[in-house]
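Enquirer: Please read through the structure below; I'll follow up with questions.
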Amino acid sequence: MAEITYICKRTVVSTKPTQPGKYHSFSVLDHLMEKNHIRIVYYCKSWGEKEAGEITVSLRESISEMLTHFPKVTGRLIRNEKGNWMIKCNDAGVRMVEARAKGSVEDWLKIVDREKELKLVYWEDMIHKPYFWSTFYVQITEFEEGGVAIGLSCFHLLADPICATMFLKAWADKTLGQKMVSPPFFHPLPPRRPINKTSNHKPYADLINHYKFSIENSIPLLDANHTHTTITLSFSDHMVQACMDMVQPTSAPNKPNRPSSPFEALAGLLWICISKVKGLRNGLVNMSLCLDQRKVLGLDKGFFGNCMVCNKVHSNGLEEHNLSQATKVIGEALEKMDNEGIMDLIEWLKHNDSYSHPLMNNCDLICASLETAEPYSVDFVGGFEPIRVSYYVEPTIGIGQVLIFRAPSYDGPLGRVVMVTLPKDEIVKLCEDELILHLSPRILMGVARNHA
Amino acid sequence: MPPILPDFSNSVKLKYVKLGYQYLVNHILTLTLIPIMAAIFIEVLRMGPDEISNLWKSLHFDLVQILCSAFLIIFIATVYFMSKPRTIFLVDYACFKPPITCRVPFATFMEHSRLNLKNNPKSVEFQMRILERSGLGEETCLPPAIHYIPPKPTMEAARGEAELVIFSAMDSLFEKTGLNPKDIDILIVNCSLFSPTPSLSAMVINKYKLRSNIKSFNLSGMGCSAGLISIDLARDLLQVHPNSNAVIVSTEIITPNYYQGNERAMLLPNCLFRMGGAAILLSNRRSESRRAKYRLVHVVRTHKGADDKAYRCVYEEEDKESKVGISLSKDLMAIAGEALKSNITTIGPLVLPASEQLLFLLTLIGRKIFNPKWKPYIPDFKQAFEHFCIHAGGRAVIDELQKNLQLSSEHVEASRMALHRFGNTSSSSLWYELSYIEAKGRMKRGDRVWQIAFGSGFKCNSAVWKCNQSIKAPTDGPWADCIDRYPVHIPEIVKL
């Protein structure tokens, strides 16, 4: 079927030299993500000349121009006096891999699975000398019969999926010859707003305890076995509406009901379904929600760095698999993640900052909302949305991972794409779950079919 | 306070003495002629008109004698004008501006070096030390094939680089001069290390559809001084062919010569050589004299190949792992100094003013006859030239020449800045330097320029140009977007 041939690997640098002697340190939220990396794949239709390699050349030129604004990305890692990572802005550049694939993008998308898709995103684990290791990798795969796949992988220490998408958006804007909509904003996390400081302020314990528990009970990377696989489900507007309707509770008329958001509804749905496939008949699996906190902390949309915080959802008392109750509990957990709570967490993390940071968040099911990323608004072609976007936050070990982000505009404003990563046998059971089948989302990427 | 003043007044006195001496010797002819003419004039006045007419009548002038003297004068004048060499004009030239995406910052170069030479960290360390002291900047460019990990120096990539560099420079030249490709009578391409079949000159003829009776030459293997060798060849050809245009393309193709082994002496060129090229239009047509930028005055070539050490000092060979590279010997600087001395000895009498030559002669006689311990007099070449273009072979070369010729930092500024911005572009570096001087608006009518180039063999070649018309700072050219940032202070060691 579609084979991928790697043509070359090179380094792309910015067009203007960076000022020497600049350094960039990381925040406590960045340090927590040291063991992870992100991979994003964008599928676009071809534009301009159809000659092989021309699209790659124009993308290479535009990324060179765009990298002038991202000195943090073109720098390299060194350790500071405390032993923590820091970036030296030495202008070394970003690795780029160029590849060709047979067939067209549409054909590929019909048969793609996790293993195949990850071949479109090049990644190298940190080498022995981190000073010569690139933290960002870009792969451009041109399909011979039309279409381009752009893969971006990056070290989670530098960026979360939101700003990685923003990086791609800046690149797309430059390719179209436009100015960047939101230029990147490289600053440390803001301090606590002084207005809200009260003398007997009790720190929000739940968030802190959750992080403490996660750090202490992290499964070491070596012990885990990698048998996870990923599927992509697309919920269109009416499917999400139907899900939200299912969520509305019928009892308790005197309690005002806050309408649930698509994320809450889908998170609740998947929580229940995943608990069922894991064999938990009474009670729900441990889950934590991960959200972008840029707005909560009052940061600009272009803030470049980690700004996603997780909070555990309490499933105590939820014995039945009741969708509306699950969603209600999720809503409560989300409300608790306000400015105060996040600031408390950040301060606690600063006080307890240790040298080595273990792999976070692998003792819970992670459900992350990438709502603010707006992946389908990144336009490389000029007037056309990407055909598909996929996100991966690696490594996925432990219970599992769910990523929810906006769908393309033809799926309506409520449309969402859900990428679920679970052990292989559980994924198969998930696809046959009755709740899922009731809503009947489109399966964009399924489980790998074993070839006999 | 008091001790300083006498020194100052002393040096001022010395300066005026020197100036007086120079003026006296350089204008000796005028200074002797004027009193003689004045004396004759006074004598004539004294004699009165009658005596003059008597003197005139006493000279018996025969018709035959008058005719013979007239013919003699005309004959001598004709022979003189016929045997005078044709003036060679440099109409204009264009330098290749590398695409900004080919830029290689120090960090990227070191990283690639480390990734490609995994098993030899000592070689990587060595390259880093060279790069720190090299005098190169962060904007020099390498061809695309060398950006790959590992580099892919295929023949196709080398041809690609040649096409990119040469065609860009030639397109730029055609645009600047309005030259029609069919009007090119002589084509000389020099590229030392890449010599495919058909030759690069054939590649140019094919691309621009030049005439079938064009006289084309392709010089390869002649090192970094091949640019001036091409100029010399063009000059000789233009003496033979009247009313002709000659186009010279000077370049160095880096792709096939990127050394991939571990020998230290061979890793040096990797750190210094960068992508670059230039195209020059020379003409002997009288009509070009109005718009030509420069006039070629002298070309002096010195070859030290007879000496074995000089012959072997830049040597292309295979290392222990059969990887081909160019090995630079440790006494390169000493040999360069010797070659320069040889070249200066020949060019000195051609360009130095009489005052300097006299001083040199006197010191020479003094050393031979009176006292061999007298220091040899180094003529002051700053009086012969306004601008110097020293081949940007490396920081050491420029430092050495600055010391030997006693040049100020303004004189070598063009060379240092060209090395910083473009790296060592081999034979075309002289043209980037000349372009720098023009871009700074320093080139005035009548200014004399000295181009010095060194090359493997070991050769030292010089060319002397005289500026034909004051050149306004150009708005295009390789320095157009960055000239305002220059001159730049280049630290002794850049911390990597």
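Placed from the backbone N, Cα and C atoms, the Cβ positions cover glycine too.
Those TrEMBL annotations? Automatic predictions, nothing curated.
Below are the features I grabbed from TrEMBL:
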TRANSMEM  B:20-42  transmembrane segment
TRANSMEM  B:63-82  transmembrane segment
DOMAIN    B:80-368  domain 'FAE'
ACT_SITE  B:CYS224  active site
ACT_SITE  B:HIS303  active site
DOMAIN    B:386-466  domain 'Beta-ketoacyl-[acyl-carrier-protein] synthase III C-terminal'
ACT_SITE  B:HIS387  active site
ACT_SITE  B:HIS391  active site
ACT_SITE  B:HIS420  active site
ACT_SITE  B:ASN424  active site
Enquirer: Among the active-site residues B:CYS224, B:HIS303, B:HIS420, B:ASN424, report those whose Cα falls within 10 Å of that of B:HIS387 (active site); none is a fine answer.
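Expert: Cα within 10 Å of B:HIS387 (active site): none.
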Enquirer: By a simple count of other Cβ atoms within 10 Å, which of B:HIS303, B:HIS387, B:HIS391, B:HIS420, the active-site residues in the record, is least packed?
Expert: B:HIS303
Enquirer: What's the CA-CA gap between B:HIS303 (active site) and B:HIS420 (active site) in angstrom, rounded?
Expert: 29
Enquirer: What is the interatomic distance between the Cα atoms of B:CYS224 (active site) and B:HIS391 (active site), given in whole Å?
Expert: 8
Enquirer: Write out how many residues of the domain 'Beta-ketoacyl-[acyl-carrier-protein] synthase III C-terminal' (B:386-466) are helix, how many strand and how many coil, based on DSSP.
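Expert: Across the domain 'Beta-ketoacyl-[acyl-carrier-protein] synthase III C-terminal' (B:386-466), DSSP assigns the residues as follows: 34 helix, 21 strand, 26 coil.
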Enquirer: Whole-number answer please: how many Å between the C-alpha atoms of B:ASN424 (active site) and B:HIS391 (active site)?
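Expert: For B:ASN424 (active site) versus B:HIS391 (active site), the Cα atoms are 8 Å apart.
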Enquirer: Hey, does DSSP put B:CYS224 (active site) in a helix, a strand, or just coil?
Expert: helix
Enquirer: Counting other Cβ atoms within 10 Å, pick out the least crowded of the active-site residues B:CYS224, B:ASN424.
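Expert: Selected from the active-site residues B:CYS224, B:ASN424 on minimum Cβ neighbours within 10 Å: B:ASN424.
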Enquirer: Tell me the Cα distance separating B:HIS420 (active site) from B:HIS391 (active site), rounded to the nearest angstrom.
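Expert: B:HIS391 (active site) to B:HIS420 (active site), Cα-Cα distance: 13 Å.
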